[in-house]
Amino acid sequence: PMSGAGYSFLLFEIVCVVLLTASLLHHYGNWRRQQLVVTGVTFLAWQFCFLIVFILPTDINCTFYEDCLMSNVSGLEANGTSAPACREPWNHIPRAFLVSFWRVIYWSCQFLTWIFLPIMQSYAKAGEFNVLGKVKASLVDNALYYSTYLLIFAICFIYVATRPDIHIDFAQLRVIGITASNTWGLVLIVLFLGYGLVELPRTVWSAGCPGESLKRAYFRLAKVNSELIEHQEELEDLAAEAVQLAECVPGPEHPLAANARTVAELAESSGYCGGRDAGLGRGKPTASSIAAARRRLNEDEDGGGLTAKRLVKLHCQLKKAIGLEQRSRCLLQEAYASAAFLEDIESNRGSRLHFFRRGEGDFDSESGGLLRRLLGPGVEFYWKCHARSWLLRGAACFLLAASGLMLWCECTFFIKWPVLTPLALLVQAGRGALSVQLICLLAIGYLCACTYFTVFRLKLFNYFRLVPNHQTDENSLIFSGMLFCRLTPPLCLNFLGLVHLDSHLASGLKAQTAYTQLMGHLDLVAIISNGVNLYFPIAILLLALASYFRLGSRLLHCLGVQQFISSDDELTSDLLEEGRLLLRRERARRSRDAPGGSSSTGGLLKSTDSGDEEDELFARKPPPARQLPRSSGAAGVAAAPVAKLSLSPPRSSRFERLLQADGEPVEFEADTQPLFPSARAAVQQQQLRQQPPPYKSGSGRGGFFDDV
C-alpha cells in the first residue's frame, strides 16, 4: 500500500503542476476573452504533459527499489546468502497505482492530440455555416494528418505480422499503436530538440547583451509593423468584398441570404468595412463599388455570382484574416514594449547618476511597475544595467554546458557497454537516493524546455504563435496543447533510454519502470528501433550544427525573406532605422496621450529617483509658421487630431524630413515652458544650446538618442 509520505508527495506534485499550468496559461491566454472550452481543454493538455515530467522521476526511484528487491531474491536463490537490505524510498508509490496512473494520463493525451484537439481546431476555423458541414470540413482538413499515422501503423503491423516468433494479440496491437505514435512524435522531437539545444542558450546570451538585443528589437519591430500593414490591407479587401456580396443578394427570401448576412456581420465586426480611415468601418459601399463587385463576381472562376462555395471560402478567409490582424496588433505592442525597455537600458548604461531613468512614453506593464516601486531607482539601475547582463550570460554558459551534455548523451545512449552516457552513470551511482529524482527532474525538465522553447518560438505558416501577456489566440493555444501531448510521451521514453532504464537497452536491470511497462519497448519493431538508435542522434547533431551556423536563416535571407543576420547588411540596416523611427513616434504618441500629458511634455524624462532630482523639459523654439494658438483646455496646448503626430523632443532636420515624407503632419507647440533643476541650470542650459538628446545620461558617451 502507498505510504502517507508517498501520498502527500504525489498530491504536492499535482498541486505544483496545477499552479504551473495555470500561471503559464494565464500568461499566454486570456480566459475572460476566450471561450471557456478552449481554456479548459488547453489546461488539461498542458497539465497532463507536465504531470508526466514531474511524476516520472518518482517512478524511476521506485524502480531502483524494486530492482534491489529482485536482485536480493535472485541472489538468495542462487547462493543462499542474503544481500544487504533494500531501503524503501520515503515517497514510494506502488507499481499498480503507477501503471493505472500512466494509463489514464497517456491515453488522455492520445485522445486529445489525435482526435479531440485537431477536430476542435479545424471546426473553429471552418467556413461552413452548420454543424454537420463544419464536422465534415474538420475531417477532410485532418485527412492528411491521420493518413501519416495510419501509414506508420500499417508499416509496423505488416512487419510484426510477417515475424513467426511474434503472436499478434490485443497487447501487441496496443504496442504497435503506441510505437506508431511515438515514431510520429520522435520525428518532431528531432527537429525541435536540435534547434532548441542551440537556440535556447544563444537566446539567453543575447538577452544579456543589451546593444545586440536592441538591434534585434528594432528589426523585429519593423518586421512586425510591415506584417500588420499587410494583414490590415488583406482584411480590408476581404471585409469590403463580404459587404458587397451581401449587397448582391436579391432579397431576404434568397436561400443564401442568411449566410451572406453572417459573413457581412463578421466583416463589420472587424471594423474594416469602410476602409481603415472610416472610423468603425460601418459605412456602406457606394453604387460604383457594388457594380464593380458584381462585375468581378461574374468573372470569377467559381461560376460567377453569389454561390455557397464562394461564401464558405470567404467566411474561412475572413476568420483567418481577423485572427492574423489581431495577433499582429498584439505582437506590435509587445515589440514596442521590448524595444523601449532595451532602449532605456542602453541609454542608462553610461550614466553617472546611478539611477534608472526612462524615456518618454509609458511602456511598463503592471509587474514591471510593481518591480520598479519595490526596488527603487538605484537598485533598479544596477540590476538592469549591470547585474542582469552578467546573470544572463552566466545562465547562458550553464545552459550551453547542459546542451553539450544532452547532445553527448543522445549520441552515446545506444552503446550498452561500456556506458558512455554521463546521465546514466550519475543515475546508476545514486540509485535509490533523493538526488536521483532531482537529477532526473532537471534533465527531463531541460529536454522539455528545449523542445517547448521551439514550440513557443514556432511560427508555423505564420499563423500559429504563442504570444505572452494574454495575447495568444485560441487556435494557437489548441495547436500548442496538441503538440505538447504528442511530444511529451516519446520524449520521456527517450530519456529512459538516455539513463539506461529501458531493460532492452541496459544490461543487469531486472525491473522496469511502470512507464515502460505501459509504453512497451521500441525494439518490438526492429526497423524503428534501429532507426531510433542510429539516425536519431545523427539527425539531432546535424540539426544542432545547422542551428549553430544559422543555415536556415541564411538560406531564407538569400531567398529574400527578412532575417536578422548582420547589421551591416543594407536591407537589415534599413529595417533597423525604420524600427528606431517607429519607436520614437510611438513614444511621442504615448507621451501625448498620457493622462495630464500633451505634446508639450514630450521631452519629459521620467525619473524614478525619490530624492530631490526633478524631471527635465527641453525647451524648443519652433518656427513662427508652425506656431499654433493656445487652447482653452486644461493642458494649455492645441489638441491634435488622432491621425496627426506630435513630436515631443527636438528633432533633427533629417528626422523631420523622414516623417514628413511619410505624410505625417508635424506639430510644434510654442508655449512650452522649460524647467531645470536649480543645482544644474548652467550645465543643462549649455547642453540645451548644443541640442542634447532627450535622454541625458550624464556622460560624454554617445547613445541611441543622439540624433533626436
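Just so it is clear, glycine is given a Cβ too, placed from its N, Cα and C backbone atoms.
In TrEMBL, the feature region 'Disordered' is placed on 680-708, out of the ranges 651-679, 680-708. Remark: the transmembrane segment (435-456) contacts the transmembrane segment (173-198), by the rule of 3 or more CB pairs under 8 A. Comparison of 6-25, 104-123, 143-161 by number of C-beta pairs under 8 angstroms to the transmembrane segment (173-198) places 143-161 first.
Beyond the ends of the transmembrane segment (104-123), by six or more residues, the same chain brings 38, 41, 44-45, 48-49, 51-52, 134-135, 137-139, 141-142, 145-146, 149, 181, 475, 478-479, 481-483, 485-486, 488-489, 518-519 to within a C-beta distance below 8 angstroms of the stretch.
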